[in-house]
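A.B. asks: There's a structure below that I have some questions on.
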Amino acid sequence: MMGRVPDGPTGLAALVPSVEEAQAMLPPRRLRLLLSIAAVVLTLDIVTKVLAVKFLLPGKSVSIIGDTVTWTLVRNSGAAFSMATGYTWVLTLIATGVVIGIFWMGRRLVSSWWALGLGMILGGAMGNLVDRFFRAPAPLRGHVVDFLSIGWWPVFNVADPSVVVGAILLVVLSIFGFDFDTVGRRKAEFDIAGQRKAEQR
């Protein structure tokens, strides 16, 4: 006959983590998820840029779907989708600050959706930073390689839509009450006030 599992720290309860312990384990996992997503985006961005430089000629488009979708190699001194050209070094410093900020948030990250959005932004920002630092004409002022043209939209690379989609995801999460350092949606202020009144009765 099996004996009863004793209660207390030596029993079964000791094997089940508390809510606080479970939440404490989430940031390292979410940081790993964030970095994994960023690594995938960064790898795709670097590989596709290397292939574009190797096989495409500047100023000569290669048709994918007629004239609507083409491979078109350009060197971009501006931000995503060729915006803010002429401010290369400023954009480099801004992107560097974004990367540092994401790493800081990643240490406190609890939400897996925020990990997805931040990972996409981090991977895209680092992909374009590689060009800023290591491509001509000079460090901090390197021109980003863009190679995909769709209709009237400016030529872009893998990093550009990754940053934009990641940013949109974070905005949506914020609007619907999902914070990066909490599990689930945050409670509205009137819900919290109502709960406090109920507890006081």
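All residue numbers here begin at 1 and follow the chain in the order shown.
Positions of Cβ are set from backbone N, Cα and C atoms, glycine also.
The active site feature in Swiss-Prot is assigned to D146, D160; the stated evidence is sequence analysis. Marked as transmembrane segment by Swiss-Prot: 33-53, 86-106, 110-130, 158-178.
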A.B. asks: How long is the line from the C-alpha of D146 (active site) to the C-alpha of D160 (active site), rounded to the nearest angstrom?
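C.D. replies: Answer for this pair: 9 Å between alpha carbons.
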A.B. asks: Would you mind pulling the DSSP three-state label for D146 (active site)?
C.D. replies: strand
A.B. asks: Hey, what's the Cβ neighbour count for D146 (active site) at 10 Å?
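C.D. replies: Around the Cβ of D146 (active site), 26 other Cβ atoms lie within 10 Å.
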A.B. asks: Would you mind checking how many other C-beta atoms are within 10 angstroms of the C-beta on D160 (active site)?
C.D. replies: 24
